[in-house]
Every structure is written in structure tokens, then in C-alpha cells.
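What follows is a single structure, written as C-alpha cells, with notes after it.
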Amino acid sequence: MKSPITVAVTGAAGQIGYSLLFRIASGSMFGPDQPVALRLIEIEPGMAALGGVVMEIDDCAFPLVHSITPTSDINEGFKGVNWALLVGSVPRKAGMERKDLLNINGKIFTGQGQAIAKNAASDVRVLVVGNPCNTNCLIAMNNAKDVPADRWFAMTRLDENRAKSQLAAKAGVHVSEVSNVAIWGNHSATQYPDFYNAKIGGKAATDVIKDEAWLQGEFISTVQQRGAAIIKARGSSSAASAANAVVDTVRSLTTPTPAGDWTSVAVCSDGSYGVEKDIITSFPIRSNGSKWEIVQGVPVNEFSQGKINATIQELKEERDAVKELGLI
Ligand code: NAI
């Protein structure tokens, strides 16, 4: 039997946690022969509900679950972790300014960054899901100076999956035919789902979907606004699809990317594509299973450049706001 991978999940009693934990425990994230030690982190008011979730994990009798540690102590929660999945955060409420949200969440992510640096395993990798995820990731990274910059990720995979599903539906093909969909920038309404480089059945998406007005307009806005559409229909925000995207993200980073394809995740910019260094930005990424890289040479036309500029501008403003608040 392999030794277990230790995985911390914050916000473990929340909506996403309720879908995610069972996928990790069943082997979807790390494979069918990889045991996992779960460290489940909640704030004090969430601990009773978390107790119920732990009972349910127990009741699944998962062969791969090595241990479960529920806790509201972040130092205990991040002890020895190889993967930290930072899902918990405080959602924006009516009347709350973006700056208020950054300030509230900033305090959470400064503390979590410090606790990860102090307690996690030396190979720790961190995926931030809680919104605003790019900037929360930036804050945590800047408060964990000993953890190298290439270990930090923020999630844009749900946007990529949404974009693939929209392109497949429009083209009338199965979603598995769609590849090379990059999300650029921020996980927010300014994100840019890049259809110009997407492929459908190996051909340029723009050759298969000969409706550039739809691609430039309705396609982008549908992907950007999908979260709001789900809230309207379901009465609460996307959770199972978000949890699925967490599983996809970790799998894509820990297994080789299929030849010629790429995936989307926000990483610390190295200046590629003229994006300002050291902000957490979504790029097309490839992995060999242990190391990842930003795919170079993806064509960026004038339309794409305009969209990328807008989303990077928003990220710079968020970075400046948290700098002003003394969080980084
Ligand atoms: P939720 O409100 O159902 O659950 C959040 C949980 O986090 C709660 O149980 C709460 O007690 C806990 N929590 C709050 N502060 C915490 C802290 N400091 N430490 C540990 N736990 C804490 O929310 P849900 O639906 O599970 O979403 C979680 C986050 O994921 C939200 O910020 C949401 O906006 C974000 N999200 C991000 C997506 C992405 O694509 N990046 C997609 C969907 C959601």
C-alpha cells in the first residue's frame, strides 16, 4: 500500500466541501490506489455540521481513507499537508464593497498562508477556490515566503469546463471533442475564455462554429455569467461542478497533459504574454505530472489582447487594493 497523501480542505462543511470530500475519498483526485489522509478545516460555527460530514465519510467505508482530522485550528489543520485546498471564504453580501470583501478575506488568507508555511509538508501545493480566488491566492502566497511561487494555484477550471460545454453544444458535438480552451486572467466576470485557439475535433473552433458574432458575444457572456445563472435557477451557487473542477485541476497538475492540449489554472505570472509579473493570472498550462509550465507561443490576436488587458487590469487593481490594506 502507498503511503497516504495528506490533503487539507478549508470550508469543509460548506456546499463545495460536501461534494468535494467524497470525490477525494473515493479516489477520483489522486487515483484508485492512493490512500488519503483528510484534514478538514472549519471555523468554530461550522464544526457541528462538519461532525455530520465526517460521520457520512465514515459511513461510506472508503478503502482509501487513511484518517480524518476535523479541526478549527489552522496550525493543526495544515500539519504535514501535501495539498491544501482553500475553499472556505466569506461570500460577498449585499451592500459590501469589493474592498470590504478583500479586507475580510485578506485576514483569512494571511493567516492561512502563514500556517501553511509553518506546518505543511515541504512539497506542499496550494489551490485556492474561495473567492476572489486569484487575489486570495496572492495574499496567501505573499504570507508564506518559504513556499516557492510555483506551488500556488487559483481555480479557473470551472470556467474552462463551462466554455467547453458551450462550444460543444453550439457545434453539436460531444464535449470530449473540444480541446485547447484557455481561460485568461481573473476568475471573475472579466475572465477571457479564448475560443480563437480552441479546437473542435482537432479543427479550429472558428472553422467549425462559423458564427464569430456568437463567439465574441453570447459565448463569452454565457461563460462569464454562468455562475449567476446557476444561482438564479438553483437558489444557491454552483457547488458540485465547482468541486468537480477542483478534482480536474489537481488531476491535471499531477498527471501528464495530453499531447498538443493545455488546461487552465491561475498561477504566479512570470511575465509571459506581457502580463505583469507576480500577479495570480490564469494562463494555458501544461504539466508533465510533476512540473507545470505556461504554454508559450499561443497566438493572441487584437480581440484577445483587448480582453486579456481588461482582466489583467482588474487583477492589478485588486493587487493594489490588498497592498494598500497591508495584506501583501
Ligand atoms: P459555503 O458558504 O457553502 O461554504 C463555505 C464554508 O467555508 C462554510 O462552511 C464556512 O463556515 C467556511 N469558512 C468560512 N471562513 C472560513 C475560514 N476562515 N476557515 C475555514 N472555513 C471557513 O460556500 P461554497 O459554496 O462551498 O463556496 C466556497 C467558496 O468557493 C466561495 O468563496 C465561492 O465564491 C467559491 N467558489 C469558487 C469557484 C471558482 O471557480 N473558483 C466556483 C464556485 C465557488
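Any Cβ shown, glycine's included, is placed from N, Cα and C.
Matching Asn103, Asn105 to the NAD(+) binding residues that TrEMBL gives (Gly11, Ala12, Ala13, Gly14, Gln15, Ile16, Gly17, Gln112, Val129, Gly130, Asn131) identifies Asn105. Among the binding-site residues Gln15, Arg98, Gln112, Gly130, Asn131, Arg162, residues whose Cβ is positioned under 6 Å from ligand 1 are identified as Gln15, Gly130, Asn131. The Cβ of Gly130 (NAD(+) binding site) lies under 8 Å from the Cβ of Thr10, Gly11, Leu86, Val87, Gly88, Ser89, Asn105, Ile108, Asn136, each of these being in the same chain and 6 or more residues away along the sequence. Here Arg92 (substrate binding site) is positioned 15 angstrom away from His187 (active site, proton acceptor), judged by their C-alpha atoms. Within 10 Å of the Cβ of Gln112 (NAD(+) binding site) there are 28 other Cβ atoms, across all protein chains. For the domain 'Lactate/malate dehydrogenase N-terminal' (7-145), the model's average pLDDT works out to 95.
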